[in-house]
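So the structure is just underneath, and the comments pick up after that.
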């Protein structure tokens, strides 16, 4: 991406955020309200009602931090999965009537997801600094997983944007798929709560690698190389396929639109 494309992408990202929150009473405060609301509900249900803990010695604050970290990763993924399938359809005028590079469009939800994740992770860091002994090397361990998350969501954005023009049902399918992903990965509950007989299957879940990688890095200042390598291998397989699919289907998508 050259300087001109970077400036154009930044303008598109700003436009996306303004369109989403313009005219609302709370404005950009809505960037913070959803993750806090989810944190409150899930902390109450899983942390207090069901009494789930990461470890036997984990207190409610530590559980809330682990929950918010997992939700940060999941919500970033959800942003892309919900927006990408309808992206080219919604931005039809930009795609057909401007000199805008089409490859920039799928990056818009990825950029929005980075904004949302940055807010959530900032809250995690703030609480960690106030309540826990915080090790700053945790940020260095977190950044490689953030890069993998951006690469994974970029691959999914290109893939879903390309097929979303032809398979309009994808947009309707995403909410159900996200519910499945949320409940079949240790996002709102700890991996330790999963029966041992199911642990092997959970280890193959891509979202498990991402969530546990985030938690290990930010909350324990540990780098999980096994999760990093596994997720990285998956991305090496999926990203070229998604880029090829997008470039191959783009001419037909223009024709259909």
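Every residue gets a Cβ built from N, Cα and C, even glycine.
Automatic, uncurated: that is what TrEMBL annotation is.
The transmembrane segment annotation in TrEMBL covers 21-43, 63-82, 94-127, 139-161, 173-192, 227-246. According to TrEMBL, the feature domain 'ABC transmembrane type-2' maps to 26-254.
Counted over residue pairs separated by six or more positions, the transmembrane segment (227-246) shares fewer than 3 Cβ pairs under 8 angstroms with the transmembrane segment (63-82), which leaves the two as not touching.
Under the criterion of 3 or more C-beta pairs below 8 Å, with sequence separation of 6 or more, the transmembrane segment (173-192) and the transmembrane segment (94-127) do not qualify as touching, having fewer than 3 such pairs.
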